[in-house]
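Presented below is the structure to which this report refers.
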Amino acid sequence: MFNFANFYQLIAQDTRLQPWLNVLPQQLTDWQNAEHGDFDRWLRALNKIPQGVPDQVDLKNSVTIGSSTPFHTGELKKLESLLKTFHPWRKGPYTVHDIHIDTEWRSDWKWDRVLPHISPLKNRSVLDVGCGNGYHMWRMLGEGARLTVGIDPSHLFLVQFEAIRKLMGDDQRAHLLPLGIEQLPKLEAYDTVFSMGVLYHRRSPLDHLIQLKDQLVSGGELVLETLVIEGDENAVLVPVDRYAQMRNVYFFPSARALKRWLEQVGFEDVRIVDENVTTIGEQRTTDWMTHNSLPDYLDPNDPSKTVEGHPAPRRAILVATKP
C-alpha cells in the first residue's frame, strides 16, 4: 500500500493547495482499493530497493544518481534486476549507480526543446499532467522548482517514480499521484502547468485546455506539447481508428489551430515555440522497453507516413499565459 501522508501534510501547509484535501484522500483510497494484476509483484520489488543516501545527484543536465561509495558488482546486478521488474520503461533516461536505464523515449531531447522557451522555474510550484514516470519532474527540480506535482493514472509509472525517488533519498519536493486531470478540483494553485503528450488522448480537447487553465494562478504559464499536423488554423486530423497503432487518440490539430483553441478558451500571449518531426532516434525499442516502438509504427516504404497512412508523428510546443 502507498502512503500519501507526506503529501497531505505538505498541501495542508499550502493555502493554495489546501482545498484539495476535501476530495483527495477519498480519491486515493478508492484507487488503493481497486485491484491491478501486477501491482503486488511490483510492490514486492519496490520494497527490496535500498533506500538511497546519494551524494552525487545531477538533475540539471540529466537524471543521475551516484555515490562516492560505489555499489559492489553483486549489489548492482541485484538492483538492475529489480528495476527491470518494472518493464517497460518508457520515459527517461536515468543513470542510477552506473546502471543506465535506456528508456523507449529520449525524454531529455524533449526537455531540451522545451526549456529555452519557458519562464524560469526557480521557486515555482509546478503541475505536470500526464507525467509518465516523472522524468520531467526531476528535470524541473533541476531548474529550481519549489514543488513538482505529477498526475498520471498508470500504476506502473507510479512504481517507477517511487523507485527512483527511493534511490534519490526520498526527495519530498516531487510527488506523483495516480489521478487523471478530470479528478482535480479547480485549484488555481500552480505557477506553471505542463501538459505534454496528453491532448490527443482527450475526447474533448477544449475541455482539457480549460481544465489546465483551472489549475493555474492568474499570470501562470501553460506549457503544452502534443502531436500536430501541418496546415492552417482550420486543419485538424481525426483518425477513424488507430494512429501509429494507438487506439485511444482523437484530435490532431495543426499548431496554428491549437493556438486558436488556446486563445478561444481564454489564454493570452500564445506562442508556437517549436515544431519537430519525431525520429526513430528519439523513440525506439531498447533493453528496458522491448515491445514495438516508432520504427514499427511507420510505413516501411514511406517513413513520412504511419502504417495507417496518416502523416508521421510531428510534435509542437506552445506556451501561453492565463490572464
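Using N, Cα and C of the backbone, Cβ positions are placed for all residues, glycine too.
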Of the candidates Lys78, Lys84, Lys91, the one that Swiss-Prot places in the carboxy-S-adenosyl-L-methionine site of Trp105, Lys110, Gly130, Asp152, Pro153, Ser154, Ile181, Glu182, Met196, Tyr200, Arg315: Lys91
Carboxy-S-adenosyl-L-methionine site span - longest C-alpha distance across Lys91, Trp105, Lys110, Gly130, Asp152, Pro153, Ser154, Ile181, Glu182, Met196, Tyr200, Arg315, in Å: 26
Secondary structure of Ser154 (carboxy-S-adenosyl-L-methionine binding site) (DSSP, helix/strand/coil): coil
